[in-house]
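Chemist: This is the structure I want to talk about, given as structure tokens.
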């Protein structure tokens, strides 16, 4: 934009000079004034752009898109392409499994990131015989596309391309506890058909609140027979184990060329360069880490990350993502049980030279680094991992057990659900429980999924804390059905991060900020109703700080109501002193706290909402209030929403169905916002 402004202001006086003889002296004067005003305006606007007054999240330039995925498919003899919209890696994993399946049917597949290609090329796909495009699309947050599928989503909304002749199928990944279950998968499936593409198999809807793996397997085992029937092909054999990567051990590697945990650019942690994002996180120093609650049953914590000199900007309601590290004790045990030297420098290189994904994680590196920073070793492995590992079990009964759990039989699915998923058995536990299962460590590293960033609602306002990001979290620790004690990867890791001490050592956290739609109203006079039990209070600490700051600036601020819930006042009442101070100062108009275990009958936030229903209705209907809900999606968010249905129905007054529509319209208008998790 800046270049175009400079070009315009430079050429305009010349154009005026050519025509000036056609006008009177008065006209010339007027033109001179106009030119002067325009020139000044352009220069002034240019200066304002160089120093924006609004906060904007820094993002990297979009990746360079390859010229044509269709041409690449032709060149490499592929006829199936599986695009994935993935935020946590699961959709990408499913896409890889589908593309790998293709060889069983005499077809060749490839998985692809839609961010790397121009999807307008879809119209050329019918040029390839028996071609098929599959989309594994996750839904993020409240019905949004994942980051890497945003451009594809925008293109689908705007395009009118004719996709006649394109054959497609869609598998969506979602969670039924969310309002917009599988919105992205449903939209892609519907929109492709509207553009003329032909669906060859029904839309699959995976539910992460249930058993996503089983949903995918059930869809997949019906999908391939449908593909065979449509294209007139037959399966060429049973599912087989085919290595995707080959191991290369580096005997004399320069350590300066070895990855030590970086997510993108080699040595990026030693030489930090903005902008910072998922592929280039900022190493933030921990400046505060304190326990928020009393007692020993749980550990709720408040952390502060220093973002000085990072140029990172955030708004109240945004999310901070952190890249955690696995427990070194677990990593060492895996190395010991497999008899592996974890400090060997190695690379896993893709056997498919045409693939964009050259390595499963940054290489060259060591097994120790891979298992610590790059691979997920604490979540239950998926069935395809068990299938691949089974070949390394020397005891027939153990091999049979693994094969059964990886099968699509009803008995196998039940066994996998109970023994792996519900028992929360991670890879180390499986290796411990199967003494004869000893896979090569390089193949295990190939099979394990990537360790993903963890997202937290930011618990601060940049107006008050421009150089720090605050996190409120609970350390996850529980006894699994297997009898083992499992701990949350990120929260256990964060809990151990001590602020800089006298010795000058700094605890660092790789992080970046992700923009959110969870925003305070544009007008400060708009009332806000905040509902957030437990750590759901996090974004509201930022909201309240910002409303208090606005008051200090002399701005008129509307009513600010908080409905907070915890167990007991003397146990887990988070930010008690801060909230009391905000209430006393008037920044927080109402502080309503529900204690669920302090009396004989349990009191939850929805009970307090019901108590105040008449005032809440006035704020919503007459005051244009915005409602914000943060916390548990499975129970709390639904109960709160049902309470608002009841309030609207009572004071509308209107039928329940009309009340539901009323609240849904509030959501559409951005007046009822959710920041929830399951």
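Each Cβ is built from the backbone N, Cα and C atoms, and glycine gets one as well.
Bear in mind that the values here come from a model prediction, so they are computed numbers and not experimental data.
Annotated N-acetylglycine per Swiss-Prot: 2, in sequence order, evidence recorded as similarity to another entry. Taken from Swiss-Prot, the feature topological domain 'Lumenal' applies to 2-22. What Swiss-Prot lists as transmembrane segment is 23-43, and the listing cites sequence analysis. Taken from Swiss-Prot, the feature topological domain 'Cytoplasmic' covers 44-678, and the record attributes it to sequence analysis. If you look up Swiss-Prot, you'll see 80-224 marked as domain 'Flavodoxin-like', on the strength of sequence analysis. Here Swiss-Prot flags 424, 454, 455, 456, 457, 472, 473, 474, 478, 488, 489, 490, 491, 677 as FAD binding site, drawing on experimental evidence.
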Chemist: Indicate whether residue 424 (FAD binding site) is helix, strand or coil by DSSP.
Modeler: coil
Chemist: Of the residues in the domain 'Flavodoxin-like' (80-224), how many are helix, strand and coil by DSSP?
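Modeler: With helix first, then strand, then coil, the domain 'Flavodoxin-like' (80-224) has 65 helix, 36 strand, 44 coil.
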Chemist: Within 10 Å of each Cβ, count the other Cβ atoms, then let me know which of the binding-site residues 457, 491 comes out lowest.
Modeler: 491
Chemist: What residue among the binding-site residues 455, 478 has the most other CB atoms lying within 10 A of its CB?
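Modeler: Its Cβ has the most other Cβ atoms within 10 Å: 455.
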Chemist: Max Cα distance spanning 424, 454, 455, 456, 457, 472, 473, 474, 478, 488, 489, 490, 491, 677 (FAD binders), Å?
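Modeler: In whole numbers, the farthest two Cα atoms are 26 Å apart.
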Chemist: Can you name the residues of this chain that are 6 or more positions from residue 473 (FAD binding site) yet have a C-beta less than 8 Å from its C-beta?
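Modeler: Expected: 300, 301, 303, 456, 490, 491, 494, 535.
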Chemist: What are the sequence-distant neighbours of residue 424 (FAD binding site), meaning same chain, six or more residues apart, C-beta distance under 8 angstroms?
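Modeler: Spatial neighbours, sequence-distant, of residue 424 (FAD binding site): 380, 480, 481, 482, 484, 486.
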Chemist: Are there any residues in the same chain, six or more apart in sequence, whose C-beta is under 8 angstroms from the C-beta of residue 489 (FAD binding site), and if so which?
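Modeler: For residue 489 (FAD binding site), the qualifying residues are 324, 325, 326, 327, 378, 451, 454.
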Chemist: Across the whole of the topological domain 'Cytoplasmic' (44-678), what does the mean pLDDT come to? Round it, please.
Modeler: 93
